[in-house]
């Protein structure tokens, strides 16, 4: 039993978990209090008293004092409360015994420790109890010593058998076994070469790390510094400053005066406010430029006395990211404890969408934890706090860190810090606007290297040279840095062949767009790094084996940066598997498949940057230096295109085979990081999305938006009806397609009930998984709105309950006021649409006149001529059923050169027409016309608009009838919904008001291109 003293603020004495400092007597003498830099010794009171200056340097978490001390002693007129009482301290110690029941598992190997087997326990504080207490972590003897062997040098180890509580009860065999392990551990520790002693370092106010002992050096790792999901390493070019300057050599830090007001968080906040208030991006850049040149005083004579790198870094929290493991609800939860306020009130205010504003409001209202009177925090202290917070994972530790910084903040200070944690300062400005204020080439240099500190140092170095020699100004070089991700070059949507030919007058490489995951591969000797499209490390199970094949594929490559795509490929067919199969569980389901790297570009090779080389040279270089390894490392399929007809053929092929699309690249184009100078062709882009997959879904619920859409419903839960279970299923969440005016109108028009994701308020009619519990729910789905949802394709998502069917990249393209829940897409129809979308598309893209200066002739099959416009003799034959269209051409000027498909599951919209013959790029499929072919020349009219037909599945030729009826804008109803039908084929006993028709009537309407009287 040890006597402990706990020091607290008087205003917080009621909350014993607040700031505390514990001192322990040694041989009835107190330790020197002066060793704590934030505390000082004063007049004695009961043997020991402390006077607080700022805050305690040691904060013990709740649960470490056991039991809680109860006696309080006050020192009148001071800022200190003294709490005394006996408490048992949890120390790191070990025990040993025999497993009693065989239920405990080894903490290291995770296997059960068999009953009667000797085990070693490590006594640790119990993190699961508010009242404190100890718990034991059990290990096998061998596992315990393996763990200690790999532990840090400062970790307490077992050095003698007597340190194990209960060792006296052991058998001799176990004693000998443990003694042998202790001896082995000691010998290995003695044999390990000792590193140079690392001296305790201190962080100065300028952010530099210095050694307190003269002559002692601060030991830094030579490995690349990992930050924000990527590694930063020294570039090989001697012109550049080191990527990670050694402490004390940073030009930015050396120019900084930590006591100047330019370093205050208050001035940083003012800068952010000025940038946010100005809508002009040029003005935003100028404001930041003036601050970095003139400082907070605004005079050139004074200049900027702050840390340029740190200021720019904090201005870009969404670009230079750290992970803090805190979401909005967790932040509210922690601050509700700190402010001692109602968490439900804070959660309600959070619905407005800005957690930083919520924290500011409740901080100002807090009586037990009021804000500081004046803002004295510096950005160096804020940066140190953020670095510390990023290392914390336990909730109590995070709360203590937030409480420490909040005690020194004004309300607006804390608001700014929360926004830094959330990676959004709400200035409506990106990296380009901030970095352009630093140097005209800073943004391009940053995109290429992603090393902000290196870019800032080079800018300051250039400015320093200009001061010495005004005529020697050099432009900032843009170059890649090995082992640091390069911002990938991107592609813009291409909606027509004509646009592609115009954008690439030199010719283009047409490349298969694989539906996998973009990966940037960095190799430096035997070290490999893999980065995703968002510059984050790729999961190891997707890329770990490539280190065995890349050296074989590039036998002469010591260092390189490759741009590539990773996907799973079937070893039997050689075809890629669908998107999403790279997941660790889904990949296991494909036993006969390999993860393959499709390489399409090389931007760095053996210390030479290739970004400035034209694509034709980079591609040739890649072929000269790479050897394909089948189904492991392969070239992406690429074809040089100079004629529109060749491009049309490739578009036909990729969509017919179910591939994602094409990427078109100018043969003379350089690699431009972050720029959308490539083109991508996908079926949902063609002809303004006419080829995209579409479904009419019901709005079932809604979610609060974020940022500018905070406090309003801006994300909507879409679903469909399942007639079998008579429940509603979720299909997708849709956030796109509505402009601001429409969103504002929907807030009033949509009838919603707020449930705040409460599971108890989820209605019984809704089949939904927990992750999609909405903030709002419709009271009656049969009265809810129906929207046309368009996406890139139908996809599989087990999280959704519509038989796992979802929509990829959904957007609302139309509010269907003309439809209700009965006429919306139901689950059986959705399944059919999904299956149809996976079938080969029933269309073709045909290029225009061969003599055209910008296009080439079609290389497709053009047999015969289009049939006459006269009526046909009968229903279509099976041979012609797949050719639903004859020569079709775009009509509107906006879609000249586009692609007009008539997929069998996506009928044309009312009012749509096809183009006149004069269009330079024609669309359609020319096939030999037959007498039996229905009249489909030039257009699929909306013949059956408004007709709701019940078509019994037993009807002869049911599938073809259904297909053509839907293609000409008819609506089919299910048997349970026959009451809503306007026409019935067969027996109309269940709906005597409907008109009775026959299959001949359907064909006759198609031939005459209008509704005729039922026959």
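Note that Cβ sites are derived from N, Cα and C of the backbone, with glycine treated the same way.
What Swiss-Prot lists as active site, N6-AMP-lysine intermediate is 513, and the listing cites similarity to another entry. Summarising the annotation, Swiss-Prot assigns Zn(2+) binding site to 106, 109, 140, 143 and lists sequence analysis as the type of evidence. Taken from Swiss-Prot, the feature ATP binding site applies to 511, 518, 533, 665, 676, 680, supported by similarity to another entry. Residues annotated as domain 'BRCT' in Swiss-Prot: 939-1015. The annotation phosphoserine is assigned in Swiss-Prot to 211, 217, 228, 244, 919. Under the heading region 'Disordered', Swiss-Prot lists 229-255, 849-926. What Swiss-Prot lists as region 'Interaction with DNA' is 279-282, 323-328, 393-396, 426-432, and the listing cites similarity to another entry.
Structure with Swiss-Prot features highlighted.
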residue: 109; record: Zn(2+) binding site; Cβ within 10 Å: 14
residue: 140; record: Zn(2+) binding site; Cβ within 10 Å: 20
residue: 143; record: Zn(2+) binding site; Cβ within 10 Å: 19
residue: 511; record: ATP binding site; Cβ within 10 Å: 25
residue: 513; record: active site, N6-AMP-lysine intermediate; Cβ within 10 Å: 20
residue: 518; record: ATP binding site; Cβ within 10 Å: 17
residue: 533; record: ATP binding site; Cβ within 10 Å: 14
residue: 665; record: ATP binding site; Cβ within 10 Å: 23
residue: 676; record: ATP binding site; Cβ within 10 Å: 12
residue: 680; record: ATP binding site; Cβ within 10 Å: 18
Cα-nearest neighbour of residue 511 (ATP binding site) within the listed binding-site residues, 106, 109, 140, 143: 109
Between residue 106 (Zn(2+) binding site) and residue 533 (ATP binding site), the C-alpha gap once rounded to whole angstrom: 40
Sorted by sequence, non-106, 109, 140, 143 residues with Cβ within 8 Å of centre, Zn(2+): 107, 108, 110, 111, 113, 139, 142, 144
For the domain 'BRCT' (939-1015), the mean pLDDT of the predicted model: 82
Spatial neighbours of the region 'Interaction with DNA' (426-432) far in sequence, C-beta under 8 Å, 6+ residues away: 272, 275-276, 279, 281, 284, 315-316, 318-319, 354, 419, 443, 446, 707
Recorded ATP site residues 511, 518, 533, 665, 676, 680, farthest C-alpha pair in Å: 18
Rounded distance in angstrom between the Cα atoms of residue 533 (ATP binding site) and residue 109 (Zn(2+) binding site): 36
Candidate nearest residue 109 (Zn(2+) binding site) in space, where candidates are the recorded positions 513, 518, 680 and distance is Cα-Cα: 518
Among 140, 143, 665, 676, 680, which are recorded as binding-site residues, the nearest neighbour of the residue listed as 'active site, N6-AMP-lysine intermediate' by Cα: 680
Mapped DSSP class for residue 143 (Zn(2+) binding site), helix or strand or coil: helix
Euclidean distance between Cα atoms of residue 680 (ATP binding site) and residue 140 (Zn(2+) binding site), Å: 58
Tally of DSSP helical, extended and coil residues in the region 'Interaction with DNA' (279-282): 2 helix, 0 strand, 2 coil
Residue distribution over DSSP helix, strand and coil in the domain 'BRCT' (939-1015): 26 helix, 12 strand, 39 coil
Per-state residue totals over the region 'Interaction with DNA' (393-396) - DSSP helix, strand, coil: 2 helix, 0 strand, 2 coil
